[in-house]
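Take a look at the structure set out below.
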Amino acid sequence: MAAEAAEEVDVLIVGGGGAGLRAAIAVAETEPGATVAILSKVYPMRSHTVSAEGGAAAVIGLADSLDEHAYDTISGGDWLCDQDAVEAFVREAPRELIRLEHWGCPWSREPDGRVAVRPFGGMKQLRTWYAADKTGFHLLHTLFQTSLKHTEIKRFDEWYATRLVTDGERVHGVTAIDIRTGRIDTIAARAVILATGGCGQVFPFTTNAAIKTGDGMALAYRAGAPLKDMEFIQYHPTGLPFTGILITEAARAEGGWLINKDGYRYLQDYDLGVPTDTPKLRSMELGPRDRLSQAFVHEMRRGRTVETPYGQVTYLDLRHLGEAKINARIPFVRELCLSYEKLDPVTDLIPVRPVVHYMMGGVHTGVAGETPVRGLYAAGETACVSINGANRLGSNSLPECLVFGARAGAAAARYAVQAAAPDQQAVRAQGADERRRLERERDGRDGGRERISEVRALMRRTLEESAGIYRDRDSLEKAAGTLADLRERAAVARLEDRSAAFNTELLAGLELGSMLDVAETIVASALNREESRGAHQRTDFPARDDAAFLAHTLAHRGPDGTPRLSLLPVTITRWPPGERVYGR
Ligand SMILES: Cc1cc2nc3c(=O)[nH]c(=O)nc-3n(C[C@H](O)[C@H](O)[C@H](O)COP(=O)(O)OP(=O)(O)OC[C@H]3O[C@@H](n4cnc5c(N)ncnc54)[C@H](O)[C@@H]3O)c2cc1C
């Protein structure tokens, strides 16, 4: 692991998914003379954005309005969204999706040539644009090929960022491992944008790719930027039981039913806050994700779910849609079921269960993606701006990556061209520190008793049991104790691989460190919020409490490494808090 002189760029983006690529293009367009680089632990096209299926929401057509999209988002988020951010989001989302069309994104069409839209959970109007059920693939591909046209965008593919270089007030760059060679290097930068995605991997069952380990959240947290609203974790009601692979909400938007072991559409027994009188838009299966996941737990308690080797399931029934519609509208669902469950949705029921899908929380930012650390920005799932509040509506996060990726890119570019050059001395000194730490990690831990995977599995189980769909004080307090113990065990867990090239064991150890940081903030934030709101359901505090908790949770890393919490008021512009209903 040799030391190298620091590279230097104006703006460094960590993450090559939807938010990162969009940010890079925005930097190049805003300040054509600026130098910009994307550093990503996987090749950009392998980012999790590629797996998004259902679609991207933005107002289109005369029946809809920006205010309605804003209202659906805010009420869906149980009034925890910052309304200035939501207003910017709904205004800019249509422009972003049209821009993508001009860059080559093949949006699905109606027979008359107009862009096709499908219903989506919690959205009162048809506003979810899609490209069959491979929306994320086409979106990411479009962004990637557009980024290639900007030859000034440099790439560090398969580089793993391990630390932000800061002086306590502003950012000066990052340290990173070149995964292919094992070299530990520093890249100095005037501005850094974190676009590292979510952290579903802290839970045992998740739709999230293995790379979604909350690294960016941990990087920011350790550098002094707080994490916001980490207690809000979205379960998606329809994941495949063993793999956690997502069966997109589009399957229910196209008319799929959820049934229990008796073949009964059980959602009719629950209050979903959704009128079911206009079935095209609001079938009960298109209720909000948190309520559907909660209904599953009640079905399980009533003994109306089906036991499988991988836990309890209910069924998604698509058989009545017929083969032609399934092939035309949701071909990928059929492909996934055939490949991973050996069943055909044309003739068979699909076993499903709620799985962790999305983090509403993340790095605390303002509407330009700026964090409290000067020069440090965040966008996409790793950020919390916050448009998702206590519960994200499906199909809002792809446009969020575009709108706030673009905003963060533009803001970082403008900041970088007037900012002082990064402090090379700090970059070198912190780079040397980090190199020593990583070499110790890699070479000095073969005597450990436990494997990283064992500690990781315990962390995941702890989170599922304590901070899952329902929480209470006792289980959360117990989890906080367990996590403290796991942190000590993780620090001495065994690392046997000493090779330099593609040392995935070392990376797994570093990712576990990120996940433990994130897990601690989730548990501490959930413990502190003594109310139930959106995806955060406390059985010991079942009601929403606006008097005490119409506020964001901020988690700062304290001097002893544990979270210090405070509350930040929610920004309300035009929609005073009301009951959470979907039909006004
Ligand atoms: C299966 C699935 C389906 C979904 N479907 C939809 C949908 O239909 N509509 C919708 O709106 N949303 C959907 N979502 C949510 C949405 O896709 C994501 O929130 C969004 O794509 C996140 O994009 P991102 O750019 O923030 O991060 P990602 O696409 O996850 O990219 C993260 C990037 O960060 C890099 N990275 C991470 N850590 C490091 C590190 N330490 N060093 C260097 N690089 C790092 C990775 O290499 C990667 O390039 C879905 C999510 C999943 C999991």
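The count begins at 1 with the first shown residue.
Quick reminder: no glycine exception, Cβ is built from N, Cα and C everywhere.
R392 is the residue from R265, R319, R392 that TrEMBL records in the substrate site together with H236, T248, H357. Remark: secondary structure over the region 'Disordered' (426-451) totals 18 helix, 1 strand, 7 coil, with classes taken from DSSP. Screening the recorded positions G15, A19, R46, V50, R289 for a C-beta under 6 A from any atom of ligand 1 leaves G15, A19.
The separation of V42 (FAD binding site) from R289 (active site, proton acceptor), Cα to Cα, is 29 Å.
Here the recorded positions are R46, R289; the one with the fewest Cβ atoms within 10 Å of its Cβ is R46.
Ranked by Cβ neighbours within 10 A across all protein chains shown, the binding-site residues A19, V42, V50 are led by A19. Taking the Cβ of S397 (FAD binding site) as reference, residues of its chain lying under 8 Å away and at least six apart in sequence are, in sequence order, Y358, G380, E381, N388. In the three-state DSSP classification, G54 (FAD binding site) falls within coil.
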